[in-house]
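Undergrad: Sharing a structure with you now.
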């Protein structure tokens, strides 16, 4: 029993993956044992010189490429000697995301022997429709929107979009993904998007429209340890996917790249006379991580230790280095640098330990790169929504480019291990496909609600999920409702549902007029479109709570409606509140009695800023939760509270 079995592994559900295309020959896209292409499918398989009709099958049921916006930007046609105009993936990213969401079962998968085992997508019997929207110079708004509209017309059930705006999220009506997702959601399609890789700064999350599932990235309980052993016997843990000739079995001289020309190890920036035959300590940042090792190799160095700076903290990303190399966290990096400086004859080696799965270090943790809230457009909507695996993820890869994507790397692989919210998004897209199969009548908002209210916030050691950027506990601005829990999402008990009219009422509440709303509904709107306007954007029936106390506003009230989707019709749910420090919360009613006649019930939640309690709040924000339980189900919503700057002084 479980989400896989109860949904037949997502058989027949169609996931539209909007990305860099697909490399269809990979074993993840075999269609053996799959039933025929679903009757609901209306799409096509675009062919080209390198993409024959046989590239599509019962797994990859459709493929298209969108490049009019790209060519308009270029001012000329695509150079087909450098990238394919067909849906073929010459970059790798799209093949990785598609196989993560819906890859078929592949035994004995690995990258150079790392992470060896059975690879499968979240929904291994779902179908993939690949829409190539990203090119070597980026992904263009018109191509993204055209592909989202086409995917909707083609009959996809889920859209997976590991793409986002650079910089802060644009206004919803200037955001092609938000506009396309609104239309898709209106047609019953779940849209799952990456939160972005601009963390750990605040307000960095993108794809934050409330009709999108916004997914942050977390670690998993699998590591690729490669330890640094210093001449004085100290050992510092690092990670690496290096595969190749080992270092000699004695310690080598260790030099800091900052003393050899360039601390970041830029290509051609290191003096060969200073690094020849040595291990070089390079600082992270400035250039590609694997390029640093290539620069060391070019200068005659034999190995590399890459040290994080404060920007990345203790976040370790494993890379398939071209030279024996490892990455260490900021704390270890500072100690190794100090050792090089103070020791008259510093030496080191690197011990590569392969693949280790287990409880140490605890997982999941929020990746430092994962973009964060608060929501900079609508602070009353908490973003991101959830986190999912996004660090060191094994999935399919292109046959055109190296695992490092660097021209200097001649290697080609079936599977690659990479990191990003691009990897976490398709995990959730696949889970949404499974839920769609298990509950075909559920709306996209109900599916999102099930994933959010069943998410967990404790790691595998029983402690609150930590943030790799700080080493401290993560907050809902990092992890949203928590880490997705697929099997629990199958039986959420209650769901917070939202329909198209509710989203329009939300847009009205943030000041959008009929002209701005026309962008979303794709046509003229009457001046009365905002008659059903919400009193506050926080009244949208969202499965989480985000509250801002402004200087004149010490009490905030939100309304919510929940629908009983459990097997028991007559059931009573009771509220349990974990109030954030400095806030008093009242829930009315605090008991919800469902019956055959009353499948849907409402409650009001009041947040009052408590002047006395504020002295206990260290910062201008605090967190808590509300849990509804019938003794079987636990329906949890996070609460994030912020005091507008200067308010605490005035209370």
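The backbone N, Cα and C atoms fix where each Cβ goes, glycine too.
Marked as active site, charge relay system by TrEMBL: 19, 93, 422. The compositional bias 'Basic and acidic residues' annotation in TrEMBL covers 78-94. Per TrEMBL, domain 'Peptidase S8/S53' is recorded for 10-480. Residues or ranges marked as domain 'PA' by TrEMBL: 252-336. According to TrEMBL, the feature domain 'Subtilisin-like protease fibronectin type-III' maps to 539-641. Under the heading region 'Disordered', TrEMBL lists 78-99.
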Undergrad: Can you count helix, strand and coil residues in the compositional bias 'Basic and acidic residues' (78-94) using DSSP?
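TA: Each residue of the compositional bias 'Basic and acidic residues' (78-94) counted once, the result is 2 helix, 1 strand, 14 coil.
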Undergrad: Take the Cβ of residue 422 (active site, charge relay system) and count every other Cβ within 10 Å, whichever protein chain it belongs to.
TA: 27
Undergrad: If I take every residue in the domain 'Subtilisin-like protease fibronectin type-III' (539-641) and average their pLDDT values, what number comes out?
TA: 92
Undergrad: 19, 93: which of these active-site residues has the highest Cβ count within 10 Å of its own Cβ?
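TA: Comparing the active-site residues 19, 93, the most crowded Cβ belongs to 19.
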Undergrad: C-alpha of residue 422 (active site, charge relay system) to C-alpha of residue 93 (active site, charge relay system): distance in Å?
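TA: Cα to Cα, residue 422 (active site, charge relay system) and residue 93 (active site, charge relay system) are separated by 8 Å.
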Undergrad: From the DSSP assignment alone, can you count helix, strand and coil residues within the domain 'Subtilisin-like protease fibronectin type-III' (539-641)?
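TA: Split by secondary structure, the domain 'Subtilisin-like protease fibronectin type-III' (539-641) comes out as 5 helix, 60 strand, 38 coil.
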Undergrad: Could you give me the DSSP helix, strand and coil counts for the domain 'PA' (252-336)?
TA: 24 helix, 19 strand, 42 coil
